[in-house]
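> Starting off with a structure, shown below.
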Amino acid sequence: MNLMDKINETAQFLKDKGITVPAFGLILGSGLGELAGEIENAVSIDYADIPNWGRSTVVGHAGKLVYGDLAGRKVLALQGRFHFYEGNPMEVVTFPVRVMRALGCEGVIVTNAAGGVEYGPGTLMAISDHINLTGQNPLIGANLDEFGPRFPDMSDAYTKVYREKAHAVAEKLGVDLKEGVYLGVTGPTYETPAEIRAFQTLGASAVGMSTVPEVIVAAHSGLKVLGISAITNFAAGFQSELNHGEVVEVTERIKEDFKGLVKAILAEL
Ligand code: HPA
């Protein structure tokens, strides 16, 4: 089956389950999946039951799709995403974004845990732009003309109006929301200190192993994007060692702010 047929098959499957009018997609990163638990009138489906869908293998990622009402909006939330480092082809990593588009979403909120280059642990950062150092591009191959052009513009991939609303909402809530450039790598190794020094020179504020592929596919198909990074650690060389336990622990600490912020932003988008 070609990619377009797969997208249509999965979209139809989800429509048949009652997922009919999502306005926003929510991609919830490491430790941030709890927000899906607050969705009302929820339709919840295990990834394993969705045709053409990937499998989530990382600790802190539940592997469920949840549809329903959050902050007065119809959202389609992914509790756990697919990473390239898990061995998923880019087509699988970005498939949920295609399906969100096919179902009629107008925007996506993409979240992640990231290492801080400019900012320290516990910071929430609105992503203003990215640097793709994955060595990959999910749009390589035949272009899906139904979704967008062969050579998509990435000038406003992280939609400015969404970001401005996010800052206004954060200010109202008293949440300190920073802003910066997300540099995407494949992982699964954390970076070396030399790499982080190089990334700092390149203009990175934070570094992480997700988000870039999904945002490229979103931009291609005209989906508006709000990206939020939860900075869970200082990047390599700025602290003595890195481990996933710390990432999960810091996310635990900031998730209340995170959840409150995303809900309040959703109400305003
Ligand atoms: N590097 C890459 N990805 C990450 C990090 C990091 O330091 N922390 C959380 N995700």
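The backbone N, Cα and C atoms fix where each Cβ goes, glycine too.
Note that the coordinates shown come from a computational prediction; the quantities given were computed from them, not determined experimentally.
From TrEMBL, for reference:
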DOMAIN    24-267  domain 'Nucleoside phosphorylase'
BINDING   SER30, HIS61, ARG81, PHE82, HIS83, ALA113, SER210  phosphate binding site
BINDING   GLU191, ASN233  purine D-ribonucleoside binding site
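Could you place the listed features in the three-dimensional structure?
In this view, ARG81 (phosphate binding site) is surrounded by 28 other Cβ atoms within 10 Å of its Cβ, with every protein chain counted.
Counting only same-chain residues at least 6 apart in sequence, those with a Cβ under 8 Å from the Cβ of GLU191 (purine D-ribonucleoside binding site) are GLY115, VAL185, PHE199, VAL207, ALA235, ALA236. In the three-state DSSP scheme, GLU191 (purine D-ribonucleoside binding site) falls into the coil class.
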> Should we count any of the binding-site residues SER30, PHE82, HIS83, ALA113, ASN233 as near ligand 1, judged by a CB under 6 A from one of its atoms, and which?
ALA113, ASN233
> Specify the count of other C-beta atoms within 10 Å of the C-beta of ALA113 (phosphate binding site).
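Result for ALA113 (phosphate binding site): 25 other Cβ atoms within 10 Å.
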> Check the DSSP secondary structure of ALA113 (phosphate binding site), expressed as helix, strand or coil.
strand
> How far is it from SER210 (phosphate binding site) to ASN233 (purine D-ribonucleoside binding site), counting Cα to Cα, in Å?
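Computed Cα spacing between SER210 (phosphate binding site) and ASN233 (purine D-ribonucleoside binding site) is 16 Å.
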